[in-house]
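Encoded as structure tokens, the structure appears first; notes follow it.
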Amino acid sequence: MRLTLLRFARLNPSVKELRLHLCQTGEESKGVRDFVNTRYVQLKRDNPTLPILVRECSGVQPRVWARYELGKEKSVTLTNATAEDVSKHIEQLGKAQ
């Protein structure tokens, strides 16, 4: 098995905040929980000034929101997504506006 170093690109400076909503126990949020446990630290290292909020709530549908300049927001549902899928969605939101 090959071990690779995960590195996030710096997200676009127009991204002002990321919010992750997930359920603490639900199967549909497992990939998001895995992402938080394994990849959050690297994301924060690569984007040290970006506020990243992780919100846990029982029974909530997993979702990621990106807030941009002038209060514009985009979100993506993360139901049954893997940690890798979550990373890809965040990178796509980080390039968009």
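A Cβ is built for glycine as well, from the same backbone N, Cα and C atoms used for every other residue.
Residues or ranges marked as disulfide bond by TrEMBL: Cys23-Cys57. Cys23 (disulfide bond) counts 18 other C-beta atoms within 10 Å of its own C-beta, drawing on all protein chains shown.
Summarising model confidence by region, the domain 'Ribosomal protein/NADH dehydrogenase' (24-97) averages a pLDDT of 95. Annotated domain 'Ribosomal protein/NADH dehydrogenase' per TrEMBL: 24-97, in sequence order.
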(request) With DSSP as the reference, give the number of residues of the domain 'Ribosomal protein/NADH dehydrogenase' (24-97) in helix, strand and coil. (result) 35 helix, 16 strand, 23 coil
